[in-house]
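J.: One structure coming up, written as structure tokens, with questions to follow.
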Amino acid sequence: MFSLTRSSETQCCDGSDEQPGVCPNLCKEIGEEYRKKRDAELKLQRAGAKVRSGYIAFAHQEKKRLQGEVERLAEEIKAKEKEVDRLQDIAERTESLSQAALEHKKESPLYKSLIIHNNALKSLQREHKKHLEREKALGQILDALRTGYNPNYQDMAVLEAVRGWEELAKLPHINDVGKDSEAEKPSENESDEEEEEALEEGMWDAGQLEHQLDGLISTDYLSLLLEHEEYINGPQEGSILFELAAYLPDSFIPVYEDVKDTLVSWLQKFGIVRGDDGAADSSRAQQAYNDAKNELDRMRTELDTKENDIKEIFNINGFGAKGEWKKLDGTCLEKDTGDYTYEVCLFNEVKQKPNNGGTTFSLGKFESWNPSSDVQPGQPEFYQKQVYKHGTRCWNGPERNVVLRLSCGVENALLTVQELEKCEYEITGTSPALCLPPEEDKKNGNGKKKDEL
């Protein structure tokens, strides 16, 4: 026992477990060194946490941007659905109508007149909107003049302009506002003068012009033309020639059909009857419908993708509960080890690129965060490890795989690369996304409750 007590090994840094003078008191030096190290770690953690907060802000901005695109796509899809329905209707109704016949029908005086009227209506609407905007701007100018001019200045031009605006806008004189509430009430005569002008039968009122004019202007006149054609050529009292088959014995019908087809063919050939050449136009209309439908399918797929992207931003199994990893999606980091440069594209793929020529190998594609069963998604430890699998197969060996181990750092960087086993790589690196604020780190149980030194 005596030899152990007087040994050169001590259990306390201040040597209090030994006789005086045997071991020096190193508590002060060790404590200072520890505090310097801890201060440096806290400084790095705070700096990284500041960058991380920027990553989180980016995630919220990205979510807002994607939500805007989702809303825009939803509106475009509604419009495209209507267009697809319209083109489908045209394709079905132009199945037997050739392009030449369609162009001939578009030369109809009625159709041309409708197009001219439609263009004139668009022009009138455009000019009407210009005048409304101008009237609004002038009203704002006159309102500012009315409330801001000096009535004692006695500028008759200004006074006349103000009184004229008040009369036109049915406003009380600015000097009388608040003096007499009865003065602000319009008289019975004024109310009679404000009665709306009686509209002729069929004329539109202001509400219809505001809410229904756009629908009238956007009328599909080509569809209207085809509908008119169908109406004109609709079933009427049947011609005795083409209804004759109903009165013939069944044995004569084949002969009758042959004679009828031959007769109609001759009449078309001599120009007496217009031919029914609709193959070209039917193909064109069908192609337009197919293109529009394919575009609609593409837009729907894009919408689904963006909606899924929004869900993934704050998914604890994806970019973290606060979206701190979204900013780094696809970010590529490199580490030059001499013979090779290793490239890690986060959430994508790891590659081994030779520096002196040769083949670039895939070391694996992103599969998951930390798969350990004792680590729960959302915990800081969960995001300290990424697994990349199913890389290029080694010669007579397994597929290449990578484990990426990350820690808090002010920069996104790769530190080391090791091949622990054949085709099994371990890469270490740092990222600000792992730097929790010190106070949040303590809440998660990662901070020390008591500083012993």
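Just so it is clear, glycine is given a Cβ too, placed from its N, Cα and C backbone atoms.
Because TrEMBL annotations are produced automatically, they should be read as predictions rather than curated entries.
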J.: Quick one: sort out which of 107-141, 282-316, 317-351 is the coiled coil according to TrEMBL.
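T.: In TrEMBL, residues 282-316 carry the label coiled coil.
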J.: To which of the residue ranges 14-55, 56-97 does TrEMBL assign the term coiled coil?
T.: 56-97
J.: Going by DSSP, how much of the domain 'MRH' (330-437) is helix, how much is strand and how much is coil, in residues?
T.: 8 helix, 58 strand, 42 coil
